[in-house]
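Positions annotated as domain 'Aminotransferase class V' by TrEMBL: 24-353. Among the features that TrEMBL reports, N6-(pyridoxal phosphate)lysine is placed at Lys209. According to TrEMBL, the feature substrate binding site maps to Arg361.
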Amino acid sequence: AYMSPLYVPPPECLLKSFTVPRRYLFGPGPSNVPPRILTAGSQPMLGHLHAETIEIMDHIKSGIQYAFQTQNRMTLAVSGPGHAAMECAIFNSVECGDSVLIAVNGIWGERAAEIAERIGAKVNKIVTSAGSYFRNDEIEQALSKYKPVLFFLTHGESSTGVVHPIDGIGELCHRYNCLFLVDSVAALGGSPIYMDKQDIDIMYTGSQKVLNVPPGTAPISFSERACCRIFSRKTKPVSYFLDLSWLANYWGCDRKSARAYHHTGPVTALYSLREGLAILAETGLENSWKRHKDVAAYFHEGLERIGLKPFVEDKKARLPTVTTIVAPPGYDWREITGYIMKNHNIEISGGLGPSVGMVLRVGLMGCNSNKPYVDMILEALTDALKHCHKSKV
């Protein structure tokens, strides 16, 4: 057979090796991955339905149940980042034409609203300014007005640095026959949450925050109430890949004896996720919550000392995992983050969505949540304020 000559040559860039730099990741995620988790992820490949892989998946399920404080049978990890879990939650629980209520106090509510709109839901929003949160009476008013099938709330709003109070909201949702969906990507493991006790129907998180696992797997759990709603839908979920009836079987949550092939899960990423959950179990949830809270408080005191101000005024509402700092007046925030990256090998970031230009964001998650790192960040910020260009305000 005639072979035509290759007109795309082997790329030069791939014929040289590439060295990844070591860097302190103190942005809103991903966080640094400790050696133990890197080692776990470099173990030999297994088939995605081999007995050992299924055993690892079962360990992961137990680890998620512990981290979420739930006994839900429908507990698994989605093959994808936090956004995949957000879509899994919304695609399965909402049908075209359903009314949903989204609490928007930062970018994650905006994203959830966009996803629900794309599948034809009637999206209603309650909106508050960056840095604040909703009172339960405001939520109840909206539930009564819009009669939604689902209420979405962000537990840890990483764009604004707010941790949202959860108590009493699940109860309200159930009074109005509505499912309660919580995004705990940025807060889980760093701030207390109790899925069962707080009447949460669907909750998810990401792997790359407090768990210190590379991005790409997303723990999620569904209550009995959520499953009843989902499995009595009139139409199939819009996504085949994220269809809960398939995922339930793949993760052995549906009581069927055999697991059918749905997709090839990210096998080695599951090793890493298991290890991250193992470290959380060894540390103890309450110890992890306390450490994140103490380290964040130590950081906030240090910020005031060097003349910077936490963006969230209400101390109780400050997210312990991601701190937002009022962008220092007279400076270009991009120059500050660039200077710190170049001179200190530290990543911190600017705002996102509603907080763009208003804040700097510093993440202290999992193994990165410790006082020596806080001292290092304060030193870097002090240095940047001294050397970056300041205009006369």
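Heads up, the Cβ atoms here are built off N, Cα and C, so glycines get one too.
Note that TrEMBL annotation is computational and uncurated.
Remark: Arg361 (substrate binding site) has Gly27, Pro28, Ser158, Ser159, Gly161, Val322, Thr323, Thr324, Ile325, Ile348, Ser349, Gly350, Gly351, Leu352, Ser355 as non-local neighbours, by Cβ distance under 8 Å and separation of at least 6 in sequence.
Along the domain 'Aminotransferase class V' (24-353), the predicted structure has mean pLDDT 98. A sphere of 10 angstroms centred on the C-beta of the residue listed as 'N6-(pyridoxal phosphate)lysine' encloses 29 other C-beta atoms.
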